[in-house]
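Notes to accompany the following structure.
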Amino acid sequence: MERIERDTLGEISVDATKYWGAQTERSKRNFAIGDNPMPIEIIYAFAQLKKATAKVNAAEGKLSEEKAIAIGQVCDQIIQGELDEHFPLVVWQTGSGTQSNMNVNEVIAHVANLTLGEGQIHPNDDVNMSQSSNDTFPTAMHIAAYGALVTKLLPEITKMEAVLAEKKSKYMHLVKIGRTHLQDATPLTLGQEISGWEACLTNNKNYLETSMKAILPLAIGGTAVGTGLNASRDFGDKVAEELMKQTGYPFTSDSNKYFALTSHSPINFVHGSIRSLASDLMKIANDIRLLASGPRSGIGELTIPVNEPGSSIMPGKVNPTQCEAMTMVAAQVMGNDVTINVAASQGNFELNVYKPVIIFNFLESVKLLSDSMRSFRLHCLEGLTANEKVIETKVNDSLMLVTALNPHIGYEKAAKIAKLAFDENTTLKEAAIKTGFVTEKQFDLWIDPLKMTNL
């Protein structure tokens, strides 16, 4: 069953069970591209924005209190996820996001009119009052992006930090051989090594918390080209204040609306911090899977949890699947960063028209990293253990312990000891005594792996 909707281009039929209008229907038909829906976080952010703008318009005497209340009630339904099925549009549409703005406007008007009566609330004249897609979409981008970071990504970073802190303490005195250039180096403790991973997360969280302040200023109030045409001079300030009350986030009105409409450097900047986190997560996951390689023919210093059979042909095989998933996510995030960077450069004159693809990739990065960090923590990190016998054997066999002799006999003599031990396949101690450069007593005194860690 269908109904007839009308816009400036004429009549068009719409599924009678759906709440969208003519412009949404035209977009749905004209942009049958891919299967990537506009992120629901953007729809919810739009609803928060439309509720705030309705309140401000009512306070300014432009919109009746009755209409503002009705608009706000529908916005609450949207935010609570009750109307998700009525937002069918894909990311691949106009670069200003106009169709999604109108999708929200039309749904709000339609649902509100079910109560107030047909035609009482107009999607453009009432719901979109004092606004343009050009300032509402970038505002929704910032609302959605900031909320996703606060509610999804930052909590997962903190939880992974806590697990690494526990592992660090547990293994702080377990001496292992260090490795630089993928070759044996001087010893450190496993706890010290893990502390480096923990610091990766701590520092990246700090980078993110600092950079995300860049998306607190909002474009709302700029309307079409940044001049604020058809909006009051302080409309942006009032809406930002109302959004702060709604969300608890310290949003402000951007001081330069021309910048806010044409540049997406704030989101580009914040995603740079997300990419940095992805880079370090790839490093951590790679370290763990290499240290867990084996179990008999690899490094084998770490043991990863057995979550599932590793091979369809090799019985008993355990693979570092969580590490692999994490590194694939990291690679995807790095790719998203390239897309965002290119798209952010396309602010031609007064408007960037790559907005949907920017926020789509941003929110995908946040979701993928949040989900993969949770999975990695629960199914890998928490069950990660040290293979202490293997670690001890590798420390005792390492030739790089000879570095501790440098202050006592000099670099060249120490190098000769290491070379002799390697050439004759003997222990470092046997080679040192054979050269006559040190006595057994001196060797035992000077070669203490734990002391070499400066713990």
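The first residue you see is number 1, and the count goes up from there.
The backbone N, Cα and C atoms fix where each Cβ goes, glycine too.
From a predicted model like this one, the values you see are computed outputs, not experimental measurements.
Look at Swiss-Prot and you will find H181 tagged as active site, proton donor/acceptor, backed by sequence analysis. Taken from Swiss-Prot, the feature active site covers S311. As annotated by Swiss-Prot, substrate binding site applies to 96-98, 122-125, 132-134, T180, S312, 317-319, with the evidence given as sequence analysis. Positions annotated as site 'Important for catalytic activity' by Swiss-Prot, on the basis of sequence analysis: E324.
Features per Swiss-Prot, on structure.
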residue : record                                  : contacts (Cβ under 8 Å, 6+ apart)
S96     : substrate binding site                  : S133, N134, F137, L351, V353, K355
T98     : substrate binding site                  : S133, F137
P123    : substrate binding site                  : G21, M102, N105, E106, I108, A109
D125    : substrate binding site                  : none
T180    : substrate binding site                  : none
S311    : active site                             : K317, N319
E324    : site 'Important for catalytic activity' : A285, R289
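P123 (substrate binding site) falls within a helical segment according to DSSP. Of the listed binding-site residues, namely S133, N319, the sparsest Cβ surroundings within 10 Å are found at N319. For the recorded site, T180 (substrate binding site), the DSSP three-state label reads strand.
Neighbour counts of Cβ atoms within 10 Å were compared across the recorded positions H181, K317; the minimum falls on H181.
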